[in-house]
Structures are given as structure tokens and as C-alpha cells.
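> I have a structure here, written as C-alpha cells, and I will follow up with some questions on it.
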């Protein structure tokens, strides 16, 4: 048994409970059922000897596990040590900054030249915040710091009309607050989306769950127990809550039919007001109508300052165009710039009111740069009689113009997608993730829900077949050595396998796709040394049992068969301690790697035990293969106990594979679905949310994608 490392000021001692759970489960589940029947000739019916071998295999690990639990319970530790929490807060701030920096680049927020500095005003009927700062987006971080400096926990509500730049403003505000945060400072702004608000017992519970989902590295044993909760309860987390208006009934559990979106929004406000958390502040964004409706029906958000983002003025639009339009294209934009000058443009050209929306303004510039549309067309009243016509035109053309109709061979080699294919696939996603006036997040592990019936049948079949093979072959090997004839051993093993297959097949059919694995495989030199040290005591215990049952020639093989996989799992498969937010590709890669490791961990002892018992290579190999596939592709009941309650059923990457197998032949999704999502994200059609999910950049963009009718639509427009 390896010793835990010495305490480091910024990193608590590592907890070895994962080793005891895995090793105990492996020995109890694999060793006892297989080795005891095989050793029947040596036991000759002696019950005392049988019990003694079981005790040798299991009791040492139970003793060590119990002793560690008692020591941990009685250890005088301070889980809320300020040094440890401060170090974790600094790492979290770095992870949040890295997470949103790439999104800020796509939203053109990182360069002052590209950023639109919005004006704001106090919301109607609300008190104005004090201070002499300009009422602009760039001054908003300073305003929040001023409010915090006056004491208390400032609450800021940012309201705006559709397409007014609320979400982009929150990303900018989060990054700017991180810039002013010095090392060791407590406040860490963390951006959360409220689209998955599901009326939990308390705002505190929801906040802890979301922080854990976004940054699972906080649960790594390197950082000690309950770190997400300690950071939130210790006042280190500044919640930045986006999309209050997108709270939807579909997120409610378990009976959304008894609730409404309005009631859910009221519940959120009430939960925030009732929380006992001493937060360093709170920021929330929403469309104006939805927020005022929730306040009107329920309670107002206590002590909140509400501001409203103002539409861009003609002067601001003109200044922005002059700043971002290349010198070579300014002549083409001159009619638009002229139309924006000389007084209110509402009377001069109503269509240009559409450019008062930051989203429409930025998309219009991108579309004109990539198509043959001339800027002067925006001033054509016959073609664009009003602002709604411009907005509809821009939204309709934005997504398809991100892709070329026929990419060159070189571009296809770089992964560029053809317009027709990309739009067809995105349209399918837009149609099937729609939830009223909002769109649900796109999670790769839940894509199988788009074809629920065939994928759940396939998942059930996988669970049934693999369980039948693994348990049936194991029974065949064990019961023949127990004295049954080969025919009877096949029969008994088959019956046990059928029972296990029906049970696990049912769980695979019934259960929803699980979350991707929270652990990762670490293969650095330190972890490999830990694996070696961890395997030594396991080797000794298993070798003693093997020698007692099979003699000195075969005993060491038994020890090696158990020591290698169990030691490797203990040392190499751990919660990822790297301070980085999750992303979809990382989650998939981690899920696959954990599957490889667990498949190997099942296969090695299965083959060694099978060969030692039977001397038949083919039977041992078949048993090992079935165990490897079951260990890699399924969460079985024993692994649910060994790995902290994972649900029985098919693992996450299996559900993704089933979704591709069902939907790709119908051309609903590509075989490289992750590549599609990444390309759509790079093009600005999708945005990546914390927690490894995607969602459409804006509801109106999603609606336009859902209505896509092919290239002829572009020709008509």
C-alpha cells in the first residue's frame, strides 16, 4: 500500500479510498467466484479452508479501508483552510479566463478596435448607481468594483432587448473582472447559463452542481473534499448568470407539466433572495419583458441595481464602421455612412435601424465581406422597406455564408465542410433541439436521444450480449473446475449469464445516456511509480492465494494478473487535477481513455485466471475479450459500487456511436459529428458553453437555420 504524499501548503494529501474500493471489488467479484470453484480438488469439501482463503483475499483490504476511514474522520483538518482555498481560487480564475478567452475572440471582444462599446441607462423606475463613471459597457467593470468597494454584496441586473448584446456583454464583463483580480484575491467571476435551471431545493445546491459540472478538476483528490462547496460557501465565487429569459419548462424535473417557465423564473429570484450564501456579488442578464414579468408576478431581486442596454445610435454605428471597414472597402460603404449622418436616421432610412442591434451590425459586415451584396443595397427602400427586412435578410444568410458551396480539395483536406451538407446537419439539430422559443444545449453524449427508440434497443442488445458472454464463459470455466461436466458447466454458466444479461440489458435499454467519465488517465512518471508501488502488495496477496490453490508454479501468475490492472487503475485513472474547464473534445477523449483502461483491467485477470484454471488458450481469450468489452463499454453493478455510484448501462461514448450509426445513414448527422460541431463553433454559428456543451449563438440564428430551404433561398434573396 503506498503512503500518501506529505502535505503541501497548497495541495492536501491524496486520498487512497479509490484504491481500496477498486481492489476490494475486483477481488471479491472476480477472484472469489472463479478461484474457489477451481480450487475444489484442493479443498476437498473443507469449509474452514474455503473461508480462510476468502478471508486472506478480502479482509486485509476491508481492514485497511476501515482504518483509513476512521483516521480521516478523526483527523483534525480544517477543510476551509484559507491558503488551500486561495490557491484553488487562483487556479479557478486562470481556468475561467482560458475558457472564455477563445469565445471572446469569436465574439470580437478581445480587440478594442472590434469591440462595440454599448451605452446603458438605469432601467425604468430603478435607482441609478452612484459615481461619475460613463454609462458604457467598458466602464461597467469599474462600476461593479465601485459598488463592491462600498460594502455588501452588489447585485447587478443587465436588461436588454433581443440581439442587444447581453451575452457578449457578460463574457466581456467576466474577463474584465478577472483582469482586475490580483493573486490571492477572493472574488472569482464564473459565468453560468440559466437555461438548465431546474428548480432545485436551493440556489446554493444548483450553484455547487454547476460549478462542479463546469470544472470537475475541483473534485480531484489532490484538492481535498468538497472544494466546490467550500469555494461557494466561503464567498470566493461571483456568479455571473446569463439567459434568465431562456429558463424553460423542459429543464424542470420530474414533472414539467405542473410548472411553467414564468414560475421557474419566479422560483429563481425567490431562491436567490432566500439564500444564506455570503456571495461577493451577483450579475444577471435577461430580456426586459421576461424579467419584469417575473418581478411583477413574484418578488423583486433584493438590493439589485438594474440597467438597460441602449440601442446603438447613428453616431456609434458610423464610428464603428469607420473603425473596422478596410480602407479598400470604404468607398462602397459611403452611401451607408452618409445615410447615418445628418440627424436621426429613423426619418432618413428606417431600414438602417436594424444596425442599432450589435448582433445585426456585426453580422451584416461579415455577410457583405463574403457575398456579392453591396452595402448601398441597405439604403434601397424597395428592397429593404424597414428594419425587420434587414434583420431577416441578415439572419437568413449568416449561417450558410459561413461555408463554401464547393470547397476545394485542399480545403476539404483541412476539414472544411460544404454548405449544403453543413446546413442540412445544422438544420436537423436546430429542429430537434428547439424548446418553444429557446433552444436546448447540444451535448454529444445525448445525441442518441434524437433517435431514442433504435438507440435504446441497440444499447440494450449490447448490454445483453456482453453480459451473457462474460458471465456465461466465467461460469463455464469455474463450474467445470468445481466438478461439473463440460455440458453441465455450459448450462449453469449460460443460465447465470442469461440472468445477468437480462438485468444489465434492461438497464442499458431503460437508462438515459450517462455523463462522460469524470476521471482521466494520467501516465506521467510519478503516476507510473505509484502504479508500481500500488501493485506490489496486491501481487503479494494474490500470489499467496494462488500458491495455496494452484501451487508455486501458477500462484505468481495469479498475483501478476491482479496486480497489474488494479495497480494501474488506482494510480492512472483519477479525477483530472489540471485547472482547466471542460470542453466537448476533452470529455470524449477522456471517456474513451477510461474505457480502454477498464477494458484492459478486466481482460488481464480474466485471461490469466482462465488460462491457469483451464489450460485452454481459446477459452481464456474468449473470456478475456468478453470481459474487456463489458468493462470498456458498460457500467455494471459491481463497477457502480467501485466507482462512486455510476449508473448501470452503456457508457457515454457508446451512446454517441449509436447515434452516429443510426443518424448518419439517414444523412441527419455526419459520421464526424464532433468535427461538425467544432466547425460550426469556429464559424460563430454555435457557441461553446461551460460544461462541455454547445448551443446556438442566438435564438434568431437558430430559427433561421431551422427554416433553411437550400441554396435557392440565397439566390432568391
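Just so it is clear, glycine is given a Cβ too, placed from its N, Cα and C backbone atoms.
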> Name the residue range among 423-441, 575-593, 594-612 that TrEMBL annotates as transmembrane segment.
594-612
> What range among 373-393, 394-414, 457-477 does TrEMBL describe as transmembrane segment?
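That would be 457-477, per the transmembrane segment entry in TrEMBL.
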> Out of 336-352, 353-369, 557-573, which range is noted as transmembrane segment by TrEMBL?
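Based on what TrEMBL states, transmembrane segment spans 557-573.
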> From 530-551, 684-705, which range did TrEMBL mark with transmembrane segment?
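TrEMBL lists transmembrane segment for residues 530-551.
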> Under 8 Å between C-beta atoms and at least six residues away from its ends: which parts of the chain pack against the transmembrane segment (618-636)?
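That would be 462-463, 466-467, 469-470, 473-474, 476-477, 504, 508, 514, 595-596, 598-604, 606-607, 610-611, 646-651, 654.
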